[in-house]
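Over in Swiss-Prot, the protein carries these features:
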type	residues	note
SIGNAL	1-19	signal peptide
DOMAIN	69-104	domain 'EF-hand 1'
BINDING	82, 84, 86, 88, 93	Ca(2+) 1 binding site
DOMAIN	114-149	domain 'EF-hand 2'
REGION	177-318	region 'Disordered'
COMPBIAS	186-202	compositional bias 'Basic and acidic residues'
REPEAT	219-235	repeat '1'
COMPBIAS	223-233	compositional bias 'Basic and acidic residues'
COMPBIAS	235-272	compositional bias 'Low complexity'
REPEAT	253-269	repeat '3'
REPEAT	270-286	repeat '4'
COMPBIAS	281-293	compositional bias 'Basic and acidic residues'
C-alpha cells in the first residue's frame with residue numbers, strides 16, 4: 001500500500017517540478033534588457049547607423065541614406081509608421097517601429113518583447129506634454145542634449161524676447177504719434193491758458209479802451225441824432241426854405257436871421273453835442289471811460305436838448 005501511495009505522489013509532483021521557473025542565461029533581467037537595447041532616438045553615430053541599416057533592410061533604394069542627417073532619418077521613419085496619418089505616433093506605432101528596428105525576432109512574442117521597456121522609456125523622457133503621443137518635434141528634440149555642452153559657470157544666451165522688447169520701446173519712443181501726444185498740451189494746461197486769457201480780457205485798463213473803440217465804431221443815439229439833423233438839413237422842407245430865405249435876406253436883423261445866426265453860431269461854438277463829441281474823442285485817445293449807464297443817460301440828455309433846440313428853431317422860422 002505504501003509503494004502505491006508513493007508512486008501516485010511522484011506522478012503528481014513531477015509535472016509541477018518541471019513547469020516551475022528556473023534561472024538561466026536565456027532569461028536576463030530587465031536591467032540587462034535595457035542595457036542591450038538602447039534608445040535609438042538618442043543622438044549619436046551608433047544610433048544613427050542602426051536606423052540607417054533598418055531603412056536599408058526595408059529596400060528603400062530611392063533615398064540615399066548615407067547623406068541623410070539624424071533629423072531627416074527620424075522624419076522618414078515617422079512618416080513610414082504613422083499609419084493613421086494623424087501626425088502623431090501612439091504607443092503601438094512606436095512599438096512596431098522599434099521592434100522592427102531593434103528586435104525583429106521578438107515581434108511574435110509580445111509578452112517577452114524587450115522593446116516594450118524602450119517604448120516606456122521613450123514616452124517617459126520625450127513625451128513632454130504627457131499625452132502618450134509623440135509628435136515629430138518631440139521625436140527629434142532629445143531632452144538634455146542642448147544643455148550638455150554648456151558649462152555650469154557659463155551664462156546662458158539671452159532670450160530673443162528681450163531685444164525685441166527693447167527695440168519695441170525704441171520704436172515707440174521714436175514714433176511721431178507718441179511725440180505728438182507728448183507735445184500736445186493736457187487739459188490742465190488748456191484750462192490754465194483759458195483762465196489767463198479771461199484775466200487778460202477782464203483787465204480794467206484794457207476794458208474801457210475797448211468800450212470806447214466800440215462806442216466810436218457803433219453809431220449811438222447821438223450819432224443817429226446828428227445824422228437825422230444832416231438829413232433834415234439836406235432835404236428840402238420848411239426849415240430849408242426858411243434857411244434859404246434867411247440867406248437871401250442877408251444880414252438883416254429879424255427873428256429868422258437871429259435864428260439862422262444862432263444856428264450858425266451853434267455850428268461854430270461848442271454845444272452839448274460838441275462837448276459829447278469831445279468827450280467821445282477823449283475816450284478814444286486813452287482817457288478813462290465812464291460807466292455805461294452814465295454814458296447812456298448823458299446821450300439821452302443830449303438827444304433831448306437837441307430835440308428842444310430843433311423845436312425852438314422851427315417856432316422861430318414859423
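Just so you know, the numbers here start at 1 and follow the chain as drawn.
Placement of Cβ uses the backbone N, Cα and C atoms for every residue, glycine included.
Ranked by how many other Cβ atoms sit within 10 Å of their Cβ, the binding-site residues 86, 88 place 86 at the bottom. Non-local neighbours of the domain 'EF-hand 2' (114-149) in the same chain are 30, 33-34, 36-37, 39, 41-43, 70-71, 74-75, 78, 87-91, 94-95, 98-99, 102-103, 106; each lies 6+ residues outside the stretch with a CB under 8 Å from one of its CB atoms. When averaged over the repeat '3' (253-269), pLDDT in the model lands at 40. Taken residue by residue with DSSP, residue 88 (Ca(2+) 1 binding site) is part of neither helix nor strand, so it is coil. The Cβ neighbour count for residue 82 (Ca(2+) 1 binding site), using a 10 Å radius and every protein chain shown, is 17. Cβ neighbours of residue 93 (Ca(2+) 1 binding site) (same chain, under 8 Å, six or more residues apart in sequence): 81, 82, 83. DSSP assigns residue 82 (Ca(2+) 1 binding site) to coil in the three-state reduction, outside any helix or strand. For the domain 'EF-hand 2' (114-149), the number of residues in each DSSP class (helix H, G, I; strand E, B; coil) is 17 helix, 1 strand, 18 coil.
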